[in-house]
Amino acid sequence: MNGNNKTFSSDFTLTGLFTNNKASGFLFSVICAIFFMAMIANGVMIFLIYIDPHLHTPMYFLLSHLSFIDIMYISTIVPKMLADYLEGEGTISFIACTAQYFLYMGFVGAEFFLLGLMAYDRYVAICNPLRYPVLMSHRVCWMILASSWFGGALDSFLLTPITMSLPFCASHKINHFFCEAPTMLRLACGDKAAYEMVMYICCVMMLLIPFSVVIASYTGVLITVHQMKSAEGKKKAFATCSSHMMVVILFYGAALYTYMLPQSYHTPTKDKVFSVFYTIITPLLNPLIYSLRNRDVAEAFKRVFARCRGTHGVTREEF
């Protein structure tokens with residue numbers, strides 16, 4: 001018992017992402033740039049959607065919360081990783097590792113569900129436009145948001161106690177850049193049967209069900225678009241759907257590899273690469289693909305910028 005208690009209170013060591021000395025400085029700069037660009041892009045989206053009445057629609061309501069989730073879960077991982085590189089060490093306490101694990105699983109779980117339900121929103125908008133105000137009412141939007149957060153919270157509250165209560169009697173060296181679930185499982189040496197069962201159930205709920213909704217929704221959208229008579233409208237719709245699907249497949253595909261592929265297919269290098277895709281790159285791509293390329297967002301940005309310039313001009317004249 002004393003040995004087990006000791007494992008619970010000991011610090012872990014994160015090997016980090018910057019293992020190659022020759023390329024580590026460049027990689028650090030790239031990750032830094034991606035992080036700040038993701039924070040700015042998502043922050044701008046939240047600000048524009050909040051301040052511009054033209055963007056007070058169900059789609060942008062859900063997009064604003066997607067941006068918020070992206071800001072929160074990239075912030076639970078990247079700042080610690082960058083600080084570890086600057087300090088030259090990757091020590092993380094058991095409590096901090098547990099907190100990072102809990103927050104990360106909650107935020108990423110909420111995004112899994114939200115992306116699936118956002119695909120349904122696009123399906124209704126394109127395939128059933130006349131019923132869109134009813135099927136995507138204000139109440140339905142809040143129900144979608146609440147169910148996404150509930151799914152993420154359920155994931156955190158189920159997996160965190162099971163994972164972090166396992167005895168870590170092996171090495172405390174985490175060959176990763178954050179406390180990710182499969183990596184933590186490999187460090188544990190207790191009975192993992194309960195964990196593996198709960199993990200499988202959670203993965204089916206979090207990944208396969210939302211991903212199935214995404215595939216079904218965009219299949220319906222593509223069928224409807226294919227039947228359009230306007231060549232220009234068809235081309236525009238296909239371009240939008242393909243860019244959305246690219247981000248969704250990147251996000252879900254990397255997560256499916258991480259959580260559902262047998263451990264025999266995993267290596268530390270592959271785990272880090274796939275984790276980068278859905279924890280660092282996706283929060284930057286989401287606002288760029290879903291929002292900032294839209295004409296509505298560009299026009300909203302112009303209106304807000306013109307309003308700010310007008311207010312600033314009046315202030316200067318008054319002085």
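The backbone N, Cα and C atoms fix where each Cβ goes, glycine too.
Computed from a predicted structure; not experimentally measured.
Under the heading transmembrane segment, TrEMBL lists 26-51, 60-81, 101-120, 140-159, 197-225, 237-261, 273-292. Marked as domain 'G-protein coupled receptors family 1 profile' by TrEMBL: 41-290.
Residues of the same chain lying 6 or more positions beyond the ends of the transmembrane segment (140-159) and with a Cβ under 8 Å from any Cβ of it are 58, 61-62, 65, 101-103, 105-114, 117, 121, 181, 195, 198-199, 202, 205-206.
The stretches the transmembrane segment (237-261) and the transmembrane segment (101-120) meet in space: the count of Cβ pairs below 8 angstroms, excluding pairs fewer than 6 apart in sequence, reaches at least three. Distant neighbours of the transmembrane segment (197-225): 109, 112-113, 115-117, 119-120, 122-123, 126-127, 151, 155, 158-159, 162, 181, 185, 234, 237-238, 241, 244-245, 248, 252, 255-256, 259-260; these residues of the same chain sit at least 6 beyond its ends, with a Cβ under 8 Å from one of its Cβ atoms.
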